[in-house]
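In Swiss-Prot this protein carries:
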BINDING   199, 268, 282  Fe cation binding site
């Protein structure tokens, strides 16, 4: 299946579509395209790697390995590699780290010689109006179940030197095409699938409840949550079938569509210091506060509402998000918190973190203030310091 969505993102499903989509993107060329196959260090060990390698063989790609977190240094190095082989298309096969690295590198590869400082400057500059398409087009092929990076016009980078999360943003960063292949989730364990589904849930929820949300972002976001909810039990039981794996990939993609319109908000703002301090996987770091924020936002009083559309709008959105997860925001929150524990992930209450210090850092990220109920250092510190409903139920 192949479809083109607004914004000219070409979407296809199935490993067999990757080479065809790549060829479509390079159609105007009067020569064979130069293709970079960007992968992570574990690519060769994945059970589907031989099949994917065979599918790309007609394109004679140059394999480029991106190792470690996506940082200004790693993006600069990858951009130099893309320049060295004069790539026309980069096929990014991996999770959010690999896809974001390829997106950022492709966006910066046709400027001057890239280095880490230039990458930081590009992140600080923000999106530029009227950007021309990058010389290197990106085909994003997700091999995890959560990031939605194949649909977004931004890439997450980690400045480990300054302990900050960075974002490279703009139309040049969005992939030209995405290929969803649920068979690429084969071999992922329960924890990996769980962190992915938590990321998709948070992205869908945050892009829906954000004060920047639009009717379209709410539609994509609630669809992402609905699709993810359908697969929760199978992931928890460590037995997702083919239909569940496809639902996971579609949920992630829909969540990416949602945040491309409205971005993320509070769960993600809290997740960044959790990842930097404790090394939590991204989806895990986001998901541990989703239950708290579902309850907190649904209980918004008029005097605390940050959304100009009012408390009625906020509650309607929260009710729509909660429906597929348990019927009410309280039940949805409890289901998410129980899912985290059942999948062997550490819940927020068991993390070794100072609530007030975490809150103080989280509110420095502007997206924290896109939450529909106002959050400041004091209110967020109190919220994080409360015992979860699950702990109270089990205690």
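Quick reminder: no glycine exception, Cβ is built from N, Cα and C everywhere.
Just so it is clear, the model here is predicted, and its values are computed rather than measured.
Here the features listed in Swiss-Prot are placed on the structure.
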residue : record                 : CB count, 10 Å
199     : Fe cation binding site : 34
268     : Fe cation binding site : 25
282     : Fe cation binding site : 24
Neighbourhood of the Fe cation site (199, 268, 282): other residues with Cβ within 8 Å of the Cβ centroid, in order?
146, 147, 198, 202, 203, 264, 267, 271, 283, 285, 286, 287
Three-state secondary structure of residue 268 (Fe cation binding site) from DSSP?
helix
